[in-house]
Amino acid sequence: MSYQQPQLSGPLQRETDSSDRESLISGHEHGGKSSQSAAVFNVVNSVIGSGIIGLPYSMKQAGFPLGILLLFLVSYITDFSLVLLIKGGALSGTDSYQSLVNKTFGFPGYLLLSTLQFMYPFIAMISYNIITGDTLSKVFQRLPGVDPGGWFISRHFIIVVSTVTCTLPLSLYRDIAKLGKISFISTILTTVILGIVMTRAISLGPNIPKTDNAWVFAKPNAIQAIGVMSFAFICHHNCFLVYGSLEEPTVAKWRRIIHTSILVSVFICVLFATCGYFTFTGFTQGDLFENYCRSDDLVTFGRFCYGITVILTYPIECFVTREVIANVFFGGTLSSVFHTVLAVLIVTAATLVSLMIECLGIVLELNGVLCAAPLIFIIPSACYLKLSEEPRTHSDKIMACVMFPVGAVVMVVGFVMAITNPQDCTHGQEMFYCFPENVSFTNTSWSHLQLTT
């Protein structure tokens, strides 16, 4: 987009409430064309994207009561850091995350941010391939006359075919605007999926035994759970685009938009995480759809919707990775031939890695702790602390001082725990409660089931 952030009059040494109400792009006479409601929709869609499928798993990792508290905490920090980024842009006179970090920490900071902004969507592409293979393989198994054990409906074959026929061609577009309708379609499909998860929480949940520690307050893997939540909530890479698209954008207006967006998003996320975890408790997988029985046609439809959602979202992530490489190494300009070659190389690399990984949970954890956590917790707070001349007792500075070490702990400890204490998954296996002899589990203890299944 052509919007430019002008230099502000004065260094903004004191960001008071009155200055927050002033336009931060006063040099841009007309601003963008997006309404506040459209901006809210864009932010909500960014948050409740494909990462929402792992939120019930994060409840299993952290313990349900602590997991809900952590979900609210991550949402609050996301809210705060999104506002902090725009304030940092105002202080530095920049209009993008990259230019903000470059202005604040120079070229080394720019390279670090670029690395994170490449890694996050690239690992997301890997997770999308895993989800596509897991979900669509079970969809095709329900088709009449299809051999459930056939190689042509195996997850590996489906990943390769969906890549060649769908995600790669879509990833070759040079203009991301051509993918503009994807966000609306994805939001509709995500709403359908939420409805299915809620329905099965009521109809299926009471028939599945609860594990012994299902309602324990906290579990040792809470740090990894924060990583999964961070993966779901991150939308910082496009906040400057949304802000710049507003008519007469101001910090006060942006703050209202973010508060509304995060409030809606956290309501949906808590509902999804609660319904998913209540249904399966300690059996919850990183990919929630792995928990449902293959014979459940309603869930099969949900799998189809989710598979389509991630296929449509995949090209956007590829666009980001390609743009990062183009900006860092080629000055932002690629020839048509090299654009195609680079897209093919990125998609091929993501596909090869996804074929070697079975469990979605570890991918969500690593992407959350290695990429999402620094992009949400560390970098926004570091930029603001260096740029702002507010007193140390100012509430924003206090919060930024808390966010920075918390993000560092989540990143380091979460990575170590994800590697040294990986969680098992039952990829490709039918869960025990799906077999005919276990049709009803009401008033049945889990310890008894362990002896009989």
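We number each residue from 1, going along the chain as drawn.
Backbone N, Cα and C define each Cβ position, glycine as well.
The following features are taken from Swiss-Prot:
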COMPBIAS  1-10  compositional bias 'Polar residues'
REGION    1-34  region 'Disordered'
COMPBIAS  14-32  compositional bias 'Basic and acidic residues'
TRANSMEM  39-59  transmembrane segment
TRANSMEM  66-86  transmembrane segment
TRANSMEM  106-126  transmembrane segment
TRANSMEM  150-170  transmembrane segment
TRANSMEM  179-199  transmembrane segment
TRANSMEM  222-242  transmembrane segment
TRANSMEM  262-282  transmembrane segment
TRANSMEM  299-319  transmembrane segment
TRANSMEM  337-357  transmembrane segment
TRANSMEM  359-379  transmembrane segment
TRANSMEM  398-418  transmembrane segment
CARBOHYD  Asn438  N-linked glycosylation site
CARBOHYD  Asn443  N-linked glycosylation site
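Across the candidate stretches 106-126, 150-170, 262-282, 299-319, 337-357, the maximum count of CB pairs under 8 A to the transmembrane segment (66-86) is reached by 262-282. Residues of the same chain lying 6 or more positions beyond the ends of the transmembrane segment (299-319) and with a Cβ under 8 Å from any Cβ of it are 49-50, 53, 121-122, 124-125, 128-129, 131-132, 135-136, 138-139, 142, 162, 166-167, 170-171, 173, 176, 179, 182, 185-186, 189-190, 192-193, 196-197, 200, 289, 292-293, 343, 346-347, 350. Between the transmembrane segment (106-126) and the stretches 39-59, 262-282, 337-357, 359-379, the greatest number of Cβ pairs separated by less than 8 Å involves 359-379. Of the recorded ranges 39-59, 222-242, 337-357, the transmembrane segment (150-170) has the largest number of C-beta contacts under 8 angstroms with 337-357. For the transmembrane segment (222-242), the most Cβ-contacting stretch among 39-59, 337-357, 359-379 is 359-379 (pairs under 8 Å).
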